[in-house]
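The structure appears below as structure tokens.
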Amino acid sequence: MDGHVANKAISNGTSHSDWSPSSWRTKPIKQPVNYEDQALVDKATAKLRRLPPIVTPTEIWKLRRALAEVAQGKAFLLQGGDCAELFDYCNDQAIDSKVKLLLQMSLVLIWGGNKPVVRIARMAGQYAKPRSSPMEAVDGKQMPSFRGDILNGYPSDQRAIDPDRLVQAYFHSAATLNYLRAQLASGIADLHNPMEWELGHVGDPELQQKYTKIVESISESLRFMRTVGADTAGQLETVDLFTSHEGLLLEYEEALTRKLKHPSNRNVTPTPKPAPKVSPLTGGALLNSSIPQDPETTGHYNTSAHFLWVGDRTRQPDHAHIEYFRGIENPIGIKVGPTTTPADLTRLLDIVDPRRETGKVTLITRYGAAKVAELLPQHIAAVRQTGHTVVWQCDPMHGNTRSTTSGIKTRSFAAIFSELAAALRIHRACGSILGGVHLELTGDAVTECTGGSEGLQDEDLGARYETFCDPRLNEKQALEIAFLVAGSQRGTEG
């Protein structure tokens, strides 16, 4: 990148006038939506612009500060939830089961890593899904692909794109988050009563014993703290749980993007180490990492969720999604796959994070078990040369999807853990930090991924195959992953 391009990248920062929530409309776009009646779309988005924010800048910056800790190895990030969230999942039982599973997993990870866990749910907004084709075959009949409840319904008679679903998505997201906040305030996450986080469908005696041992250890420590009077701050009675979704449908995201006053907890901290003067990749000048903090008192916040990510299909540096993502104050994720070149990765980082703010960007790697050893070291080296300090997060799900002989999409537990274990080893060998894990999971006893201690086989998938898009880990498999990661973390200490 030459000096001219470097200066241009600086001008792409969120404080400059060449960006607006609608400037993405001037760029080419992947995964476009062709609405039949634009007037109905305009009516829906006008309604969204009048509705109150779902999340606040103070919450967004609380997460940004937590992710800065993750990027520096002081905390661990657990992100999980449904592949495609449905409006029907907006009920107390479905929400409680996912929350309890994330809390159980985080308890295990805290025990394993001896560090705080940042929890982000794929919940309260994960209603849009990218698809490889606009049409699909269902029972031998061609029809529009299911693209998530925010656009159309899964039943064959609901496949037409409906603009009113934009507004429905808002209210389902708001209702989900409202109940989530109420449950957390009511003590669902109180560490004084960890056994109330029932293991539900996990019937494996070994898993039950492992989890019970951790709970007993924590309970004993809490009893001691209470005895000596150290348990008075109330910080053990609840936790922070943030929401996230893929920022795929830009009409929706634009309508919920607001220019708001920066909160008092805002802290823009550029990465302390200076960037090299010359990039080994491009031979040109790199941006100065000590760009001063923006003196402006307002910024553009996406108020639909605390954290948004751009997918592997829509992360082109000169396309609409990156144009939108570069302007928001929220922490953002970028999916990184086998087609991501080191040059593209460094260009993306300079576009969306010109100040090199620690933890602003989470790189969500999804290579597949067979490719992680080849590709991850290259990307770690490329990012290190730029001077960016990112959160590295492993998504071991998406690169390991396969179809059975009968055409059912599934994932192998062994392949999922293989990629995750390899990522842990590679980061350690490269002197880097694997900051977190990104999983598609559910709190229900579904049979969508093979393997695990249950030994599910392809022929077992039909028992409870309930996903409307990609296969998810069930509660037992997800908890097993948490124990395996925790065991690896404890094995590296001392």
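Along the chain as shown, the residues are counted starting at 1.
Positions of Cβ are set from backbone N, Cα and C atoms, glycine also.
Counting only residues at least six positions away in the same chain, the Cβ atoms of D312, K335, G337, R366, D470 sit under 8 Å from the Cβ of H398 (Mn(2+) binding site). Summarising the annotation, TrEMBL assigns Mn(2+) binding site to C83, H398, E440, D470.
Among the features that TrEMBL reports, phosphoenolpyruvate binding site is placed at R122, K335, R366.
The compositional bias 'Polar residues' annotation in TrEMBL covers 9-24.
Feature annotation from TrEMBL assigns region 'Disordered' to 1-24.
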How many other Cβ atoms sit within 10 Å of the Cβ of R366 (phosphoenolpyruvate binding site)?
23
Inside 8 A of the center formed by the CB atoms of R122, K335, R366, which other residues of the chain have their CB, for the recorded phosphoenolpyruvate site?
E246, W309, G311, D312, G333, I364, D395, M397, H398, H438
Site extent for phosphoenolpyruvate (largest Cα pair distance over R122, K335, R366, Å):
17
E440 (Mn(2+) binding site) versus R122 (phosphoenolpyruvate binding site) - Cα distance in angstrom:
8
Using Cβ atoms only, which residues of the same chain lie under 8 Å from C83 (Mn(2+) binding site) while being at least 6 residues apart in sequence?
R122, Q126, K129, E440, T467, F468, C469, D470, P471, R472
